[in-house]
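For reference, TrEMBL has these:
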{"type": "DOMAIN", "residues": "116-231", "note": "domain 'Methyltransferase type 11'"}
{"type": "TRANSMEM", "residues": "25-46", "note": "transmembrane segment"}
{"type": "TRANSMEM", "residues": "66-89", "note": "transmembrane segment"}
Amino acid sequence: MGKTAGNRDWTQIYAIYGIEQWQTLIFLLFHAFFFSLLSVLFLIYFDQICFFLDSFFLSGASRLAAGFTGAVTALSAVCLLFAAANFVYSDVPLQYEMAQRMVSSVGDWSCVKTALDLGCGRGILLNAVATQLKKTGSSGRVVGLDRSKRTTLSTLRTAKLEGVQEYVTCREGDVRTLPFGDNYFDVVVSSVFVHTVGKEHGQKSVEAAAERMRVLGEIVRVVKPGGLCVVWDLLHVPEYVRRLQELKMEDIRVSERVTAFMAGSHIVSFRKPSELVAGPREVRLDWR
């Protein structure tokens, strides 16, 4: 499978983290196989299909209809296979690579005593943070917060496999009302999670947008003055930036677009000011 940027074997990483939403992958592969089979049948039995369609179309139009249908079927199979491949890539390799980019956004991990991974999931980003703390010899700890106790238990197992269990704590909790005091964390990170908050209302609904903004407010509340937050997410990054400007955050940076799970994504980083001051904040586009 090749090596990662950190010279790690992909087979090892897949063995530790697996595929998170395997049902979606099976759905895509099943339909890709189905449409591929239909394409082959159209090719093999093209003349018979044209003969059958002669009773529904004008003379000569049946071949055009059969050819068009076969081409659309084949194109659908290709698109589904591409979607499945992008899903597999996004689910582990891309998340691993983006986690490395996110932790590199923090200049000095040796000074970090408390960090939070919001929506830690399987722990790819959580363990990347813990690994960085371990490398720098920090006495800090990272807390992974997730909505499911079952997920947090699984995350602790992956931390043990990565050899960073002593740097990791997992908690179950509601991200819209974080179970932490004000100004508690030096660093807050989150990976492809915030967009899932409020999805029960519909991704484009006003209620869902309000829930996401509430989460951003909670992130700002729990990070210390001068603390750094790094959020990688899909779809809604422009509204995050507007909200962060309203909250008067400093040094707001937006990365280049990265396609993940067949959608556009960006990393947004910002710093909580030591003292809040009035006035708009500049947004920097980071193309590194």
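For all residues, glycine too, the Cβ spot is worked out from N, Cα and C.
Note that this is a predicted model, so its numbers are computed, not measured.
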Problem - Averaged pLDDT, computed only over the residues in the domain 'Methyltransferase type 11' (116-231) - result: 91
Completion exercise
Its residues classified by DSSP, the domain 'Methyltransferase type 11' (116-231) shows 52 helix, 30 strand, 34 coil
